[in-house]
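Database features (Swiss-Prot):
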BINDING   Lys12, Asn32, Gly33, Ser34, Gly35, Lys36, Ser37, Ser38, Gln137  ATP binding site
COILED    198-451  coiled coil
COMPBIAS  345-365  compositional bias 'Basic and acidic residues'
REGION    345-383  region 'Disordered'
COMPBIAS  374-383  compositional bias 'Basic and acidic residues'
REGION    397-436  region 'Disordered'
DOMAIN    404-506  domain 'Zinc-hook'
COMPBIAS  414-436  compositional bias 'Basic and acidic residues'
BINDING   Cys454, Cys457  Zn(2+) binding site
COILED    477-506  coiled coil
COMPBIAS  507-546  compositional bias 'Basic and acidic residues'
REGION    507-578  region 'Disordered'
COMPBIAS  554-569  compositional bias 'Basic and acidic residues'
COILED    564-594  coiled coil
COMPBIAS  621-642  compositional bias 'Basic and acidic residues'
REGION    621-655  region 'Disordered'
COILED    688-721  coiled coil
Amino acid sequence: MRFTRIAIRNFKPYEDAELDLRDGVTVIHGVNGSGKSSLLEACFFALYGSKALAGTLEDVVTTGADDAEITLEFVHDGGEYRIDRRVRVSGDRATTAKCVLDGPEGTVEGARDVRRHVASLLRMDAEAFVNCAYVQQGEVNKLINATPSQRQDMIDDLLQLGKLETYRERAGNARLGVEDVLTKKRSVLEDVESQIEAKEDADLHATLNALESELDSLDEEISNYESQRDKAKSALDAAEATLDEHAEKRERLDEIESAIEDLTAKISADETKRDDLSERVRELDAAADELESDIDDALARADLDDASDEAIADAREALSARESELRDDLSEARTRAQAFETQAERLRERADDLESRAEEKREAAEVDAETAAEAERELESFRETRAELRSALDDAEARFEDAPVELGEAADLLEERREARSEARESLAETETELKNARERLAEAERLRDAGKCPECGQPVEGSPHVDAISEREAAVESLEADRESLESAVESRSAAVEAAEALVEVETRASSRRDRLDLVDERIADREETVESRREAAEEKREAAAELDSEAEEKREAATTQAERAEEVAETVDSLESDLDTLDDRRDRLDRVESLVDTRAEKIDARDRLREKRETLAEVNRERREHLRERRERRDELRETVDEEAVEGAKQRKKNAAAYLERVEDEVLPELREKRDDLQSRVGGVEAELEQLDDLRERRDHLAERVDALESVHDEVSTLESTYGDLRAELRQRNVEVLERMLNETFDLVYANDAYSRIRLDGEYGLTVFQKDGTALEPEQLSGGERALFNLSLRCAIYRLLAEGIDGAAPLPPLILDEPTVFLDGGHVSRLVDLVEDMQSRGVKQILIVSHDEDLVGAADDLVRVEKNPTTNRSTVERTDAPIVEGALADD
């Protein structure tokens, strides 16, 4: 894997930066704090998002910006990839607004999905990336300072041996699960076998035979009673049939008599209706004659010769033609009148609009004039403020003429003096502590002397004062008191110097603030001068425009008056045409009257004819009804002769006897017998169910036995798998330890050839031991700071080589990234680091990125990148440059 391009906007100190990254060794060079590490952090953040941050998302967005954008392009395993991320700040919270990964496999969107895809591509998450390829600033001793177990976890994760441990744990969990299931199945099997034994002891087959024999006898008795019941039902049915037949004949007789009465009533009612219809026919004849007279009068008023349909249609056609002609003229006249009125209204509205616009122009001119006057007053005020600020700045510059530093350097002076005061205070505190201890020792010596004991050893002495030790301690106390007084004087002097520096910083701060205010006042003066001129010109232009609009409005009002007069003339023509149309409507109403009377007369005649037909129909219906009445009276007489009352009484007695027998058998005898049979059947069913349960239990026992055998086999297989994973992990770890130890010593020999150290031992638990030339074993913590740094870099490079050569033959690892690796190194050790970088490059590492402010690394670079920060804007910039240019720039610095 190789980075090819990084582009960032509003990322930490960068406002807008873009850098192409090439193969070989790239040194990113610049002074401390210029933003070099932020370039590498941008690459790391593009790959892993928030997991690559020590803080929060808000930390990556440039202060004062609303969002940040990062684009990283890289090649991996022959494919080209591009990641775009955008972080947006809303309020106090930052979120990922966009995260897209484009590659040969397609597009992946979303921060989590992109992070998972990157981890899958590189076969390492953010933590593994840092442990393998990215030596972050300040973390150069991370692997050395880690415990062996921590180091083991880091390296195992990188080599993916952690997966074997995960598989072993899964197999162990599976083994425990199988043991739980096996225990449960064995318990169930024992329970089933005890149930089978209990049922076999109950002799269920003999019990079933006895119950079935008793049940057959009871079924025979029930069958006999049911046969007698069926015979009684037959007798009951025959008696009921006789009674039903008699009832049916009686019902039919009643129906016929009812039908005779209905027919007689209907014949009488229809005869009454025929008389009423004859009266209504006579009334309709009289009404038709009266309508004939009304039609003659209407014809005379309508100026028609006859009331035929042709005459009425001709008259209507003539009226329609005249009406069409009048309406065309009326429509044309109305259109003209409306057009004149619309034109007049539009002209009046246009005049009103022009007058309104003229008034607005005049008001706007007044506003512009007032704005110009106000801006002129503000202009005078700003000029006075500028003079005051300029005077204050001159005073501040005069204050620094006698100061030990220039204006703008007071903060550095204050920091130096504060550090000096802190050092003096620390020395004073140490001296006071030593003085306190010396006084305590002197007091103890005097106490021992007074007690007749040696001040040195505390043993009793005889006659010897032994004052030498006491004199020395008194001299020490006096010396420390003198030192304390000197240090107190130094602290007081340095505190006064700090106060003086603080006063200068305050003056400098006020001067900076006034300089900013002066720039702002200059901008406002220029703005107000422009406002005065532009507003006065605008006011004059608007007054001229208002006069032109008033003149145009007067012309529009005169034109509106002319069009209104034309509209009134056309309106008179409209009134005349509407009067002619009203006359035509009167003639049409008279025609409608004639036509209505003719239609009414025709309706009366039609109604009369329908009533006559209905009267004849009723006469025919009554003739048919009288024939039906004669037939029903004959049928009634025949039915009266067929009814036998004695047969009916005999049938009633037989029905009563049969019903009494059926009631006793069905309500008492058969229910009791059936209840006994149901009880026996239930008992038989219970025994049969127990026999079926016995068969089921035997089948279940066989199945459980097979299941237990299978689980025992699975348990053995899972146990074997668990131990296999553990053995394989231990074997692979030992092989990796041996290879890693060899590679580590190869790298260490390169770094420390011909020096005091001979080799490094890496044990199976990843414990590290360094051996000197004389065979003395040392812990890594016993090395110097620079030696530990090179030792750690050697270990990092060895791990990188192991990953590159040991996973599937050759793994496309990310670039080797070193962020400020020289922080713990002196000049001699830096040259060893250069040798190490060249060795890694010679071993096939295609891309190495180094961030450093050290000039010694420039010579090892294939590609040089310079990072600078503008002290005014606090923004960083990046550019690629050639080595001679960089070295010259460094010399200038």
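In case you wondered, yes, glycine gets a Cβ from its N, Cα and C as well.
Sequence-distant neighbours of the compositional bias 'Basic and acidic residues' (374-383) (same chain, 6+ residues past either end, Cβ-Cβ under 8 Å): 521, 524-525, 528-529, 531-532, 535. Other than Lys12, Asn32, Gly33, Ser34, Gly35, Lys36, Ser37, Ser38, Gln137, the residues of this chain whose Cβ falls within 8 Å of the Cβ centroid of the ATP site are, in sequence order, Pro13, Gly30, Val851, Val867, Ser876. In this chain, the compositional bias 'Basic and acidic residues' (554-569) touches the compositional bias 'Basic and acidic residues' (345-365); three or more CB pairs sit within less than 8 A of each other, excluding pairs fewer than 6 residues apart. Of the residues the record lists as binding ATP, namely Lys12, Asn32, Gly33, Ser34, Gly35, Lys36, Ser37, Ser38, Gln137, the two whose Cα atoms sit farthest apart are 16 Å from each other.
Of the listed binding-site residues Gly33, Gly35, the Cβ environment within 10 Å is emptiest of other Cβ atoms at Gly33. Burial estimate for the binding-site residues (Ser37, Gln137): highest at Ser37, by number of other CB atoms within 10 Å. Helix, strand and coil content of the region 'Disordered' (397-436), in residues and according to DSSP, is 30 helix, 0 strand, 10 coil. In three-state terms derived from DSSP, Lys12 (ATP binding site) belongs to neither a helical nor a strand segment and is classed as coil. Counting every protein chain shown, the Cβ of Lys12 (ATP binding site) has 19 other Cβ atoms within 10 Å. Restricting the average to the coiled coil (198-451) gives a pLDDT of 80.
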